[in-house]
Amino acid sequence: MQLGASCALLGLLFLTAFDSSECLQMVVRPDSGSKVTISALLLDQCAVCTVSGVNDTLTSCHPSLHLVPKEEVKLLFNCSQPIEQAFTVTIARTIECTKDTCSPTTVETQPSILAEFSRTFTWELNAPKNTLVGLAILGDGLMETSQPCPDGSQYSLTTSKTSTKYCRGGSETRLEAPSGAVVSLQVKPNFESVLFQTSAYPLKGPTIAVTVDSSTTVVVSRDPGEPDCEVCSVDGSARDCSPTEKTVTNVENLSLEFSCLKPQDVYSVTMKKKIECTQSSCTPAAGRIDPDNFKDFKRSVTWDISVPQRTVLTLDFPGGLKEISGAEKCQDGHQYSVSTTKSEGNIKTTSYCQGGTVSHHLNLPGATTVTAEVPKGSEVDSFTVKAAPRGGRMMSVMPDPDTIIIISRVTSEPDCSVCMNKEPDQICKPTRLTLTSNTSVEFTCPQPQDVFTVEINREIDCTEVSCSGNIVQAESLLFPDFNRTFTWDLKVVSTRAFQLDFPEPGMRQIPDEETCPDEHTYSIIAYLRTGPAIIGTFCKGGTVTTILARYRGRIALQVPGDRKLDPVDFKLKVGPETSMVAILKVNLPRGVSDTDFITANYPGEFPDNQQMQWDFTVPGMHNYTVHFRDHTDPECLSSEVEVEYQEGSKKVTKLTLADSQPQHAQGNFNMVLRNCETNKTLQGLTLNYRVSVMRSGHPVLCAVDLTQHPGVSLQIERVGSDPFCEMSVNSKIEKKISVAAGTQASLSFLDCPNEDVRLTASKVIECQDRTSCSATQLTVPKMVSCLPMPLQSFTWHLRIPQDSTVDLVSPTGSLKRSLPGQECNQSVSLHVAEGDGFPVGDFCFNGMIQKVQVHANVSVTAAVPDFSKIRKPFLNVSISQEITETIINRVSPVASSPNLLATPNWPLGMRPSSTVSWIVTVPSQYEAHVHFVNISQPKCKDRHTSITVKMLGDEEELMSRREDEQAEDKLMVPRSFYLNMSNCIPEERGFGAMTNIVLQKKSYLLPILLGLAGALLLLLTVLAVVCFIIKKKKRDKMAKEASIYIGKGNIFRPSDAHFSKARSDNESHVYDSIDEGRIYGHLLPDSSYADSMPDHFDSGPVDTYNTFTGPTDPGLPVIKEPDYEPELDGFKMFLDPSESFLPPRPRTPISRQDSLGFEDRRMLDNALYTFKSTGDMNTIRLSGVDMEPQPPIILEDSL
């Protein structure tokens, strides 16, 4: 484009295209030999124009412009952006050199040309072959860098291989480069001039001295495509040069001269070393090289390690190695490759990088080659080499009869062979060995289980009725650490099937690609005329209980080497005749389940013209659905593919694969799949289907409302093993249901037998203030009738104030604690524990315990076979004042049997720092024999245990025993007493005791015998004198005394056991009638007294004695006196009178003056037996029996 205009006019034209523009006009004349190129960076906004013609009327604009050397030209720059940033200027020159000089000798950057722009100066070096060009920097030195220079001036030296950048301000003042190199300088606008001095000289590379031993060969070779460079070996005056390769071996300080400046960029070095090994050592023992030899070169070092047969090498790399694939490269350039020649001649090569943790030690089975690729300037890490006889394994193999063992190689690594017999008859096989008899087996590697698998095969022939041989070994000792496959080849009569019965829980069919959880995988194969058919692959724990297969088959069990053999103990027998390929009998589980099944050979094709059957047993109250998950329809050449269903004896239903299969059906059923003759060129028949089972029963619903029963809560828990019992509360399924007190809940039970569910209930009885606590009875409220299961137990939680005591009394009068030798045989059991669950004991009714007092919160759990039959309360509960003991038991032993007492939580120990007491009531005619049957003493950490026995009312202790003291284990207590036991804070063991109390009657034989002996002696002394006095006294007494009839009461003295009969039963003093008028008539002045007598006394006197028939009362009253109990003033640890069982009453024994055994002396001289004086009573004893001391009158509340 040519326009005639000035800068202003041109600017106006650009202004029409851009919002604003800048222009610059200058005259430029490039130096000779300089190539100047100006380029616009923004092609659509900037242009450089040449201005010529008369009055600068001709303008030619271009995006890029090349200027002609030594030709002056006027340039016009115009751009919408700042001009100094919109254009680049490149000024290129060539430095021509001979072998010893260059032109120009001084190079200047020509600062005046286009100084307003950023410029790039380039100098291309052109010199003869093997000539090096030097550039001396005049001024500031240079320093190598990879970043932009801060002052904007960037130097670079580029060769065919490298490119190096420099900045000013360094120490490098000379650059050297071969012919073809380019030196460039980038500067900012108005940069000052830079000067170089050039020189040329022949190219001569470095000389290195090398020493190589006889076991090493070094090859220095030029890499293809690199510049020419000779390498010469100088030995004295002899000089041997080669432009491509030099081989050196067995030399010392040999000089190698290179004709290039940097031979390390042109040449690479290959080193080969040899290591000879015996079975025990290697020479040299390490793989290393001289670190100074060719250090700046890229090196490839190879060690050839030779070993004898059956020798293993161990290479130890201290820094470790990391294995990589063949295509990978090591980041640091250090790469190792290890090649091993195996026994069969194959070579395996593995690559490694430095610094890994995988392979510190390499164990190699034979001759090995190690190659290390070492980058420039790096050192080669050494490694150690050790040789040893190759470790192998030898074992004796003794197969069972009719058993074949096949050892097969499954991996190519490591190198290993299996050998049979011993030298010199040893036979080795690298891949497979078959054993049929007892022999020795040797493996040539230490870990043969990683290389070989073992198959243990047995053939079993069956007759028409039975099979021979044990199909399953309980445990095999052959090759336990190898991957093993146990196979059994089965054969029966051609028309029959072999039958496999599996124990519970059966087998589960899986696809071939899956593995069993226990890694015991079973496969069953049937051999048909058309070839083998895989019936299926199975694991333990499934629904398949029986498998029948026709004629011939194989069972295979695969077990990995790290698993102990644990086979299924299935049974083999001869099955019935069948036309099926196989019959599977399946027991579908209860509950919701999905079970998958596949056809033979799946995912392969089911055999043509064959059929397979599944017999399903469906649990009651369940529905089943059959769903075909995946199937393929073959092209049938004859007949059709059919699926037949039959339920029991019902009619057979025939369906196709495309039909809808049974849904929500009930009952057991059989399914038969029948194939047709298929087109072999197309996809055959396959089927994968699922049988789903779900419950068809209805849940038991129950609405529980505990708002009417304060404090009562329910707990329902599954305790059976039935996994299909489903309990839910408020529509949420739970394994344990708790209905809190005062709440309502909707419960549901589905398929839950009563024996699998436990129902318990509890009630909280709480009292805040003892004064307001009223006595209560422990009764079970009427439970919800809709609950299907019976109540197992009911627990009352009694919560009392801290200063109170819980009193437990049996409504039947007494309790009995269940102990060994004193077990409860009743249906009602009461478990009493403290509030935190610490046991007090198990109790039932009708024993010797009158009351149990516990100074703590108490829980009472009642267990009864049928709570609905219990109408009476279990216990009476009251709250009394605080006691100092933890537990107090009031007991009344019985004389007919042993009475056992035991500490709480027997036979385990008492609670630490607790106290238990028993108040034992002993009848007055008995004495208690206390026997400490079993005492377990702890090792106390603090305080001591204590066992104390003291009679009630006495201060003196009959026994006091600590854990560190020896004391008698038997004790006789003559009357009521208390027994106290206290625990320490034990360090080891627990404190517990069992005590037996036996009641025995008191004996009076000795006092009676002594009294009789004394009386007899006295009688013999005064017999003569007394006889006369007795006769006279007798006559006087017979004239004065009369019998007296007492119509009421019983003539006896309390606790006098010397009379076998009461007065009402003794007839020795009973008269028919008494005529007082005849006896006392001479004393009565008034004769009217006789007239007042009844008529039956009017008869005449008789001289015979008529028996007295007794009073008209129906019977004489009998007074039963309570047993004697002493005062308890000295014992302050037990209950107040208000806390006793019965209201207090005084004991009223008959006093001496009221007894018929005594007579008042005031009446002796009076014929009518009236008192002759009013003085004090003076009694004489009439009875001849010694009397016992009379007890004081004692109230029960004093206890």
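Residue numbering: from 1, along the chain as shown.
Quick reminder: no glycine exception, Cβ is built from N, Cα and C everywhere.
Automatic prediction, not curation, is the source of TrEMBL annotations.
Taken straight from TrEMBL:
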| type | residues | note |
| --- | --- | --- |
| DOMAIN | 25-97 | domain 'CDCP1 first CUB' |
| DOMAIN | 103-191 | domain 'CDCP1 second and fifth CUB' |
| DOMAIN | 207-277 | domain 'CDCP1 first CUB' |
| DOMAIN | 285-387 | domain 'CDCP1 second and fifth CUB' |
| DOMAIN | 393-462 | domain 'CDCP1 first CUB' |
| DOMAIN | 469-574 | domain 'CDCP1 second and fifth CUB' |
| DOMAIN | 587-682 | domain 'CDCP1 third and sixth CUB' |
| DOMAIN | 779-878 | domain 'CDCP1 second and fifth CUB' |
| DOMAIN | 885-997 | domain 'CDCP1 third and sixth CUB' |
| SIGNAL | 1-23 | signal peptide |
| TRANSMEM | 1004-1030 | transmembrane segment |
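Contact check: the domain 'CDCP1 first CUB' (393-462) against the domain 'CDCP1 second and fifth CUB' (285-387) gives at least three Cβ pairs closer than 8 Å, residues 6 or more apart, which meets the contact criterion. Residues of the domain 'CDCP1 second and fifth CUB' (103-191) grouped by DSSP class, helix first, strand second and coil last, total 0 helix, 50 strand, 39 coil. Mean model confidence for the domain 'CDCP1 second and fifth CUB' (779-878) is a pLDDT of 90.
Within the domain 'CDCP1 first CUB' (25-97), the DSSP-based counts of helix, strand and coil residues read 6 helix, 44 strand, 23 coil.
Using DSSP to sort the residues of the domain 'CDCP1 third and sixth CUB' (587-682) gives these counts of helix, strand and coil: 0 helix, 45 strand, 51 coil.
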